[in-house]
């Protein structure tokens, strides 16, 4: 079987990470959560008091080593899987992700990690920028109401439903309007609206659009 890449893009809270992780296990292929990489880098900048600025020294990136091992995210050897979900990281990851130097650095890292293997990557620009020639491209979405309800039901964030919904809609706007690698569906990607689908049904929808030789 030849190696293949699955690009899974979509807005915040659409369930990309959950779907990608389970699909990778089902297909017995690798999985890379690119959002965790941007969060880890954001955490590093915050910890080192590097604020939003146009005068960004890209040499700082040479001090950053990000490693993802299964469900764990390591920043310079330290497990930061929990810390990257903190409120401050969530509130700052969008502007960090918009910096050309950051995207260039992490895109190269993502391509290197994905070399010579079958892998699924989830993010916002996988099918448009990171791997525009990926064999499979999917765009996973859901209404902001449904995405907010899913986040609210997880009870991992101490916010009201309306606050979570407002955060999601704000993130959607920022991600889709940034100049560098904005969130958008690749022209040849298959769009899946999971608003009324279970996790299992969403995974089945993806598999239905893959070659049999790649899912056996």
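Using N, Cα and C of the backbone, Cβ positions are placed for all residues, glycine too.
Mean pLDDT of the predicted structure over the domain 'Cytidylate kinase' (6-210): 93. Sequence annotations record features per position, and here TrEMBL assigns domain 'Cytidylate kinase' to 6-210.
The C-beta environment of residue 12 (ATP binding site), restricted to residues of the same chain at least 6 apart in sequence and closer than 8 Å, consists of 147, 168, 171, 172, 175. Mapped onto three states, the DSSP output places residue 12 (ATP binding site) in coil. The annotation ATP binding site is assigned in TrEMBL to 10, 11, 12, 13, 14, 15, 16, 17, 18.
Counting other Cβ atoms within 10 Å of each Cβ, the binding-site residues 14, 18 show the lowest value at 18. For residue 16 (ATP binding site), the number of other Cβ atoms no farther than 10 Å from its own Cβ, over all displayed protein chains, is 27. DSSP assigns residue 18 (ATP binding site) to a helical segment in the three-state reduction. For residue 10 (ATP binding site), applying a Cβ distance below 8 Å and a minimum sequence separation of six or more within one chain yields 16, 122, 124, 139, 140, 141.
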